[in-house]
Amino acid sequence: MQQVTILGSTGSIGVSTLDVLSRHPERYQVFALTADRQWQALADQCLRFKPRYAVINADDAYAPLVERLKASGCTTDVLCGTEAIAAVASHADVHTVMAAIVGAAGLMPTLAAVRTGKKVLLANKEALVMAGGLFTRAVLESGACLLPIDSEHNAIFQCLPNQQNNFLRDGVTTSGVRKILLTASGGPFLHTPVDALGAVTPEQACAHPNWRMGQKISVDSATMLNKGLELIEACWLFNVPPQQVEVVIHPQSVIHSMVEYIDGSVLAQLGNPDMRTPIAHALAWPERIDSGVSSLDLIATARLDFAAPDTERFPCLRLAQQAAAQGATAPAILNAANEVAVAAFLDRRLGFRQIPQVIEQVMAQVAVTAADSLDAVQWADTQARSCAGTFIGTLQR
Ligand code: NAD
Ligand code: MG
């Protein structure tokens with residue numbers, strides 16, 4: 001019986017993970033569930049899955065969560081705060097950690113799981129974007145087993161020989177890989193006239209054509225900054241330079257990514273766009289288990305289209321490519337600026353087309369340094385957030 005901690009259990013990935021776990025009660029037991037402040041959803045999950053621990057990040061959500069669980073006779077221990085989240089990620093009894101907190105907040109608890117040698121299922125791409133060098137070094141030092149949940153990276157992993165952490169150390173070129181083809185749906189605004197993009201609302205940006213996801217990643221998909229983060233994520237996971245990763249628009253989201261070998265073979269992983277497939281794959285790896293995802297109907301799909309990305313329409317992709325090429329703390333700066341800009345957009349304080357303006361401004365202003373310590377990464381993150389906040393304050397909507 002494997003004990004599983006889910007960081008960010010109330011989110012989109014967290015809920016899909018619980019759905020897969022619930023199909024295999026003989027294999028997995030929920031050890032701990034964590035959330036930011038959604039205590040009601042967390043309480044419902046505790047009543048159903050009876051974890052040993054539940055951790056809520058927000059102080060003011062602690063008392064109502066404790067009350068509700070007590071009233072229902074639930075014996076789950078309730079803890080509060082970021083240190084407690086890291087503690088349930090690194091607890092000696094835990095085998096597997098699903099890292100599904102959104103944004104930079106996921107870095108420290110995910111690193112805690114990595115440092116204690118857990119099997120880490122990584123959805124929280126921002127952690128790798130911010131601190132990829134420190135993160136991958138920690139994986140190699142602790143012997144943690146790092147498996148990608150992001151559908152593209154999980155697809156790439158499935159198209160590679162079964163070697164897992166060796167990719168972090170040796171790269172995939174030694175396996176005969178020529179390049180990685182990272183597919184992108186293009187999001188909800190792939191064909192929207194560029195002039196109309198300035199007026200799009202958070203609701204329109206979050207209405208992704210193929211995937212139901214949390215708000216932040218939905219906006220990232222609409223700007224295509226998500227694909228930029230994924231480019232950086234792929235470089236760390238598979239130890240390749242950015243030039244070896246090509247972004248390809250594929251609006252149907254049926255092929256989840258591809259790997260091209262030096263003999264000209266291109267391997268692809270296909271499936272319905274449902275995150276339970278990569279979640280089940282990583283949970284059971286190297287075995288396979290049922291995920292609840294229905295069969296892919298190729299006849300109904302009928303066609304698979306491909307196109308080059310348009311960086312005029314999606315300047316965020318260009319900015320991320322620039323950060324990837326720069327390396328050091330540039331990706332952490334890009335990520336922090338984007339988190340602040342997306343939060344402002346969701347709050348209707350910033351226009352959609354101003355998101356890349358904020359990122360560009362912050363990248364021009366904040367000094368890039370070596371990303372050789374967590375302090376250096378945190379410094380870059382803090383500087384970028386402050387710079388983004390100030391700049392947003394000067395902008396007219
Ligand atoms: P979401 O917004 O639906 O859920 C986020 C979870 O993190 C929630 O449980 C929330 O309570 C928790 N959280 C947020 N801020 C926190 C904080 N400061 N401290 C502690 N917990 C906090 O997000 P999501 O769509 O599930 O995405 C989670 C991660 O997975 C992101 O990094 C995203 O890029 C990645 N991802 C998601 C999908 C998807 O289909 N949703 C696909 C690929 C990758
Ligand atoms: Mg993805």
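Glycine residues also receive a Cβ, built from the backbone N, Cα and C atoms like all the rest.
When secondary structure is read from DSSP and collapsed to three states, T10 (NADPH binding site) falls in the coil class. Note on T10 (NADPH binding site): other Cβ atoms within 10 Å of its Cβ, all shown chains, come to 22. The annotation NADPH binding site is assigned in TrEMBL to T10, G11, S12, I13, R37, N124, E126, G214.
Classification of E152 (1-deoxy-D-xylulose 5-phosphate binding site) by DSSP places it within a helix. The 1-deoxy-D-xylulose 5-phosphate binding site annotation in TrEMBL covers K125, S151, E152, S185, H208, S221, N226, K227, E230.
Contacts of E152 (1-deoxy-D-xylulose 5-phosphate binding site) defined by a Cβ separation under 8 A and a same-chain sequence distance of 6+ are given as L182, T183, E230, A234, H256, S257, in order along the sequence. As annotated by TrEMBL, Mn(2+) binding site applies to D150, E152, E230.
Per TrEMBL, domain '1-deoxy-D-xylulose 5-phosphate reductoisomerase N-terminal' is recorded for 4-132. Counting residues per DSSP class in helix, strand and coil order gives 64 helix, 28 strand, 37 coil for the domain '1-deoxy-D-xylulose 5-phosphate reductoisomerase N-terminal' (4-132).
Marked as domain '1-deoxy-D-xylulose 5-phosphate reductoisomerase C-terminal' by TrEMBL: 146-238. Applying DSSP to the domain '1-deoxy-D-xylulose 5-phosphate reductoisomerase C-terminal' (146-238) sorts its residues as follows: 50 helix, 11 strand, 32 coil.
Residues annotated as domain 'DXP reductoisomerase C-terminal' in TrEMBL: 270-386.
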Task: Helix, strand and coil residues within the domain 'DXP reductoisomerase C-terminal' (270-386) as assigned by DSSP - done: 67 helix, 2 strand, 48 coil
TODO: Return the residue, from the listed binding-site residues R37, H208, with the maximum count of other C-beta atoms within 10 angstroms of its C-beta.
DONE: H208
Task: Span of the 1-deoxy-D-xylulose 5-phosphate site, taken as the largest CA to CA distance across K125, S151, E152, S185, H208, S221, N226, K227, E230 (Å, rounded to a whole number) - done: 19
- [ ] Please name the residue among the binding-site residues S12, N226 whose C-beta has the most neighbouring C-beta atoms within 10 angstroms.
- [x] N226
